[in-house]
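A.B. asks: Here it is, the structure in full.
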C-alpha cells in the first residue's frame, strides 16, 4: 500500500520500479482516507522493460491528481525469486537445522522485493506486518518491533529512509542485550559468542559518534549476525546492521569494523547520496567518520595503520583496472539509457562497486579537512552538514556548496579551483587521489612490522634478531600489515614459512578472518602443502566474497596440487555459497555459469 503525494499536475499514470520476478495480481486506488483493507477502485497496469536490473510497472490513474493531492494505491503481488530476496537451505546456516531468508536492497535490488520508487533520491517511512511459521523470528530495519499472536510481527520505521535500507530477515534467531540501546541477534549456536564479543563496546562507539556528529536519531542500534554464507562484511540497515559472522573473532580484534556501519547512521542513512553515481557521498564521508571515531577510541597510530591498509587496497584496485578506468572517478555516470530506444543501456549500479568511493572519497573529505586546517572546526562543520541535510538526499554540488558557504573565507580564497586540486578535478577525473592525508603517525607500528618481514625474507634466518621482536601485543591491523609485507616478499626461501608458522601460532592458528585470509594466501603463494587443509577449512567456515574470491584466484594461479585443492574445496562448499559468489568462483575455475 503506497501513500503518495502528487507533486506536479498532469500525471496520468504512476510509474514504479519493479522486477520480472515480481508477479503483480491487482492494483487499486483506495478511497481518500479510506479503510485499510477496502477493495478500492481497480486500476489497469502493465509491466515494461526498463534496465538490465529491473522493469517498470505502469499503473494508469482514473484522472490526473492535483498538485498536493494525497492518494493511496494498493498493489497485490507475489515475490520470491528475485535477486534482492535470498533463500537459504539449512546447510547454508550456522545451525544447519532450519532454513533462513533475508533481503539485500543496496543498490537497486529491493525492486524485486516490493514495487516502489527504488532510488536513493526518494525517502519515506514504512510499516509492515510479517507472519512467519512457528519456530521462526522476523526482524526488520525499523524503529519499533512488536510480536503479536499467530507468530506475527509488526514493524514501523518512523523516519524517512531510501528504499534500499528497507530490510527483512527471517530465521531461527534469538537476541541478547549488549548495551542500553543495543542487542545482538544471531542463530542460537552463535548468540553466546556474539554477546561476549560485543558486550559493552557498541555504546562507546555510539557515544563518540554522537559527540562528533550530533544525536543518534534511530533509537536502537542492533546487530544481526548473518549465516556464514552472507556475502558481504556488513550492510548498514538502520536500527539493525546485518554483518558477517566473521566478525566473531573471539578476542574483539575486529569490533572496529562495526564502527564503519555505525558511522553510516549519520553519513548514508541520515544524509544520503541522491544518485548511485555519487556513492562517495555515502562512503567517503563514512570512511572519514569511521577513522575519526577510531582515532578517539584507539588513537591516531592505530587508525593511520588501518588507513594504510585501506590505501594499499585502493592501490591494488587501481593497478588491476588501470588508473584511468572510468570507475576510478568519484562521479560515475550510471543513469539508465534515455528514452525508449535504449532502455537496457543503463549500467547496473551494483557493477560499479569498488574501492574508489571509499578510499578516494576518504582522501577528498580529508582534503576538505586539510583546507580548513583545524580538526575542531572541521568536526563542527560535519555536525552542521548533518543538521542541514538530515533525512534528505543530496548531490556532491549540494555538499560542496554548503562547505564553501560554511567557510566564507575559504570561498573567497577560491579553494575550489586550486590548479590540480579543483573540486571538479576530484569529482570528474579518474585516477590516484591528488591529495593523500598524512599517515605518518602509523609509522611507529609499521616500521617494526617492515623490519620483521625483512628478517623473515632472508636466505639464512637471523633467529636472534627475530626472537628479540615480541609480537604478542600487536593488534590485528599491525599483524595484517606484517602479513601483507610477507605476502609481497613470497615465495620465501625454502623452510622459512614452516618456521614462521611454528614461531607464531597466534598467526598460523588464528581464528581471526583477516589473519586467516592472509595466512592462507601465504600458504598458497609459497606452495606450502602441509597447511593446505587450513585453506579448505577457512573456505568451509564462511562465504564472504572478499575472502572467497582472492583465495580461489590464488589456488587457480598456483601449482597442480593448488588447482586440485580449488576443485575439491568448491565441490564441497558450492551449495553453501551465495549464488552470485558461486558464479564468480565458477568463472575463476573456468566452469559453466548457469544463466
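Cβ coordinates are placed from backbone N, Cα and C, and glycine is handled just like the others.
Sequence annotations record features per position, and here TrEMBL assigns peptide binding site to 104, 105, 106, 231, 232, 233, 234, 235, 236, 544, 545, 546. If you look up TrEMBL, you'll see 260, 264, 283 marked as Zn(2+) binding site. Summarising the annotation, TrEMBL assigns active site, proton acceptor to 261. Taken from TrEMBL, the feature active site, proton donor covers 358. TrEMBL lists 444-589 with the feature domain 'Peptidase M1 leukotriene A4 hydrolase/aminopeptidase C-terminal'.
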A.B. asks: Kindly state the mean pLDDT of the domain 'Peptidase M1 leukotriene A4 hydrolase/aminopeptidase C-terminal' (444-589) in the predicted structure.
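C.D. replies: Looking only at the domain 'Peptidase M1 leukotriene A4 hydrolase/aminopeptidase C-terminal' (444-589), pLDDT averages out to 95.
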A.B. asks: Please work out the helix, strand and coil residue numbers for the domain 'Peptidase M1 leukotriene A4 hydrolase/aminopeptidase C-terminal' (444-589) from the DSSP assignment.
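C.D. replies: For that range the per-state counts are 109 helix, 0 strand, 37 coil.
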A.B. asks: May I ask for the distance between residue 232 (peptide binding site) and residue 261 (active site, proton acceptor), taken between their Cα atoms and rounded to an integer number of Å?
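C.D. replies: That comes out at 12 Å between the alpha carbons.
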A.B. asks: Out of 106, 236, 358, which of these recorded positions is nearest residue 264 (Zn(2+) binding site) by C-alpha distance?
C.D. replies: 236
A.B. asks: In angstrom units, rounded to an integer, how far apart are the Cα atoms of residue 358 (active site, proton donor) and residue 106 (peptide binding site)?
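C.D. replies: Spelling it out, the Cα of residue 358 (active site, proton donor) and the Cα of residue 106 (peptide binding site) are 16 Å apart.
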A.B. asks: Out of 104, 106, 545, which of the binding-site residues has the smallest number of neighbouring Cβ atoms within 10 Å?
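C.D. replies: Counting other Cβ atoms within 10 Å of each of the binding-site residues 104, 106, 545, the minimum falls on 545.
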A.B. asks: Drop a 10 Å sphere on every Cβ of the recorded positions 232, 358 and tell me which sphere holds the fewest other Cβ atoms.
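C.D. replies: It is 232 that, of the recorded positions 232, 358, has the fewest other Cβ atoms within 10 Å.
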A.B. asks: Within 10 Å of residue 261 (active site, proton acceptor) (Cα to Cα), which of the binding-site residues 104, 106, 234, 236, 545 do you find?
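C.D. replies: Those close enough are 234, 236.
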A.B. asks: Among the binding-site residues 260, 264, whose Cβ has the fewest other Cβ atoms within 10 Å?
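C.D. replies: Across 260, 264, these binding-site residues, the one with fewest Cβ atoms within 10 Å is 260.
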A.B. asks: Hey, what's the widest CA-to-CA gap across 104, 105, 106, 231, 232, 233, 234, 235, 236, 544, 545, 546, the peptide contacts in the record, in Å?
C.D. replies: 19
A.B. asks: Using the CB centroid of 260, 264, 283 as the Zn(2+) site centre, which other residues of the same chain sit with their CB within 8 A?
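C.D. replies: After dropping the recorded site residues, what remains is 236, 261, 263, 267, 268, 282, 286, 287, 289, 290, 358.
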A.B. asks: Going along the chain, which residues six or more apart from residue 236 (peptide binding site) have their CB under 8 A from its CB?
C.D. replies: 165, 261, 264, 265, 268, 269
